[in-house]
C-alpha cells in the first residue's frame, strides 16, 4: 500500500510544475500508468482527496491512463502487446519475450489548469473615474 | 474562465530515480557490487543473507548490509553475528525502502567505507508489491521465493518478479514435505521474467550456496 506515497509525490511534482501559473487552479491531472507499475488504481483514487487537501490540487480530478505491456519479439522482429501480465510471450509466435518496451510507466502526462478570474474591470474603472472628479 | 493543458511527461518518482542514479554512480566508482533483496515477509531473506555474509567472510571478502524493517532491529542483530557491518533502516510503517533512506544510512556508518567493500546487500522490507517501483541504486535486484509460499507467487506478483535480475528459491530442504512442485515454480518464474537466472538454495543445509557465491563473484568482476 504505497499509493499514498505515490499520491504525495504527484502532488509535489504538480505543485512545482504549476508554480509558473500563479493563482491557477489545478482541474485535472492525467497519469500514464503501466500494467507492471504495481499501482492499484482504486487505492490511488481513494488517497487522492486526502493527498490533495490544502494544496493547489484541492478538488482536482485524477485521470489514469492505463498502458498494457508491450514486448519486443526477437523471432518476429516486432513489438507486440501482450494480454495481461502473467505470461511474457509474443502473441504471434508464442515465444518468450524478455525485452520489455512498455509497461513500467509511472508518469504525469499533463495537467489542466484553470486561470483565476480576471479582476472585474468595471469596478476598478469606476473608482478611477470617481477619483478624477 | 480559461483553462490550459500543460504537458509534463514527468516520472512520478523522478526524485527517487535521481537520487538512485546518484547512488549508483557512487557505488560504481567505489567498486562495490550492490544488491537489493526483495521478497514477501517470511521468505527467509535474513537467513539467506546471514549465510551469504558468513560464506563471503570465509572467502576473505568484505561485505556489509543495510536492513529495512518497519519497527524492529532484530534482523540487524541477527546479521551482525556474521561479523559483517550491518545497519538497520527503520521505515516506521512505510512498506518499502527508497533511495533517500539508503543514502541517509550510508552517511556516518562507523567503520564502513564504500571503497573498502566488495559487496553491499540491501535487504528490503518484506513486501512483493511496493519495493518494485523504488530504485535504490542497486546493480542487481534479487527476488526471493520460498518453497512454503506456493509456486504461483510469480504470477500473483509479476510486477516485482519482472523487475528482478536474479531469483532465489529458499528453504529448498523443505521442498519434499511441502509438496513443492519445482517444475511449475521454475516455469512460472520464467513466464513473468524470461531468461532470469534462478538459484535453488537452503540457508540451513547450504544447498545451492556455492552456485550463488560463484554468481556474486562473476557479477563483481563484470
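Glycine residues also receive a Cβ, built from the backbone N, Cα and C atoms like all the rest.
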Annotated region 'Disordered' segment (source TrEMBL; candidates A:86-109, A:110-133): A:110-133
Other C-beta atoms that fall within 10 angstroms of the C-beta of residue A:73 (Zn(2+) binding site): 20
Residue among the binding-site residues A:90, A:93 whose Cβ has the most other Cβ atoms within 10 Å: A:90
Beyond the site residues A:73, A:76, A:90, A:93: chain residues whose C-beta lies within 8 Å of the centroid, for Zn(2+): A:74, A:75, A:77, A:78, A:80, A:91, A:92, A:94, A:95, A:97
Cβ-Cβ distance under 8 Å to residue A:76 (Zn(2+) binding site), same chain, at least six residues away: A:90, A:92, A:93
Separation of alpha carbons, residue A:73 (Zn(2+) binding site) and residue A:2 (Ni(2+) binding site) (Å): 32
